C-alpha cells in the first residue's frame, strides 16, 4: 500500500490532484493525504517531523511554497527566498529520515535564466541568473534540484522535480495584489462586469505565456509519481505552439465572463519577462498519448468555478 502525502494540498494544484485521484485516477493500493498550511508549519522542523511520524508516507508530492505574482515578488524577494529555502530543506530532510521512496517537488519556469535561448529545456536550470523580479523565489526553487541531486549522490534517493509552466484553474488565489495573472484577471473582469466599470489590465498585454490547466497538471503529476524514475527535472508544459499573449488571455476571460465593457491597458505597469517559452519534448517522449484541455475550454471552466464560488474563493 502506497501512502502519498501532498504538501500544499489545499491550493490550486493540490485541489486538482485531489479531484483527479478521487475520480478518474482512483486506485485501491494508494492512500492519499492532503495537508495545507493550517495543518502544519513546514518551516518548523519539529512540526514537519510530527507530520511525517503521523502520516508515514511512502511517497511525497511537495507543492507547499510561498508564492505570488510579479508585484508581490518584486517587493519581497528576501522573504520568498528564506521561507521557501526553509520549507524545502525540511521536507526533503524528512523524506530521507523517514525513508520515503519518491518525492516529487514542484518548481516553476520562472527559475530559468533570464538571458537564455528558446525554447527552454531541463538542461538550462543553472546556466545563468534568473530574472531580477523574482530572484528570491527562483533561487530557492533551484536549490530543490541541488538537494535532489545531493540526496541521489550521497544516499541513492529517487527525489525529483517537475517544472510546470503557468498554472491556472479552480481553487486559485484570486487576490488582486498577490495573485498570478489569470486568476487576478478573472477576478478583475468579474468585478468590472458586476460594477459596470472598465477592465484595467496591468502592462502592455504583449508578453507571451504558456498556460497549463490545473486538472491537466494534476493528471501529469500523478503519472510522474507512478512512472517517472529519473532525478533530473521534467518540464510539464503545453506545446510551444499553444503559447498565448496576455492580450489573448484577456480576450478568453472577457469572452468566458461575457464582459462587454472597455478594456484598458496600463502601460505604466511592468510587463515582467517578455516570454519564457519552454520545450515539452521530454514530456511528450515519456507520455506521448497525453491530451491537454483546450485553453478556451479551461478558461471557461475556471471562470465558471470562480463565479459559482465567489463568496468562498481565496481573494
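We count from 1, first residue shown onward.
Glycine too: its Cβ is placed from the backbone N, Cα and C atoms.
Worth saying up front: this structure is predicted, and the values here are computed from it rather than measured.
Record features, source Swiss-Prot:
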type	residues	note
ACT_SITE	137	active site, proton donor/acceptor
BINDING	8, 9, 10, 11, 12, 13, 14, 141, 164, 165, 166, 167, 180	NADP(+) binding site
BINDING	188, 209, 271	substrate binding site
SITE	108	site 'Important for catalytic activity'
SITE	110	site 'Important for catalytic activity'
SITE	141	site 'Lowers pKa of active site Tyr'
For residue 164 (NADP(+) binding site), the close recorded positions (Cα within 10 Å) drawn from 108, 137, 141, 209 turn out to be 108
Running the recorded positions 12, 108, 110, 166 through a 10 angstrom C-alpha radius around residue 209 (substrate binding site) leaves 166
Check: min Cα-Cα distance from residue 141 (site 'Lowers pKa of active site Tyr') over binding-site residues 8, 10, 188 goes to 8
The largest Cα to Cα distance in Å among the residues 188, 209, 271, listed in the record as binding substrate, is 19
Cβ density check for residue 141 (site 'Lowers pKa of active site Tyr'), other Cβ within 10 Å (all protein chains) comes to 27
Rounded to a whole number of Å, the separation of the Cα atoms of residue 137 (active site, proton donor/acceptor) and residue 110 (site 'Important for catalytic activity') comes to 9
For residue 209 (substrate binding site), the number of neighbouring Cβ atoms whose distance to its own Cβ is within 10 Å equals 21
Cβ density check for residue 10 (NADP(+) binding site), other Cβ within 10 Å (all protein chains) comes to 19
Listed recorded positions 108, 110, 188, 271; those within 10 A of residue 166 (NADP(+) binding site), CA to CA, turn out to be 108, 110
If you count the other CB atoms within 10 A of the CB of residue 12 (NADP(+) binding site), including all protein chains displayed, you should get 22
Residue 180 (NADP(+) binding site) -> DSSP, reduced to three states, gives coil
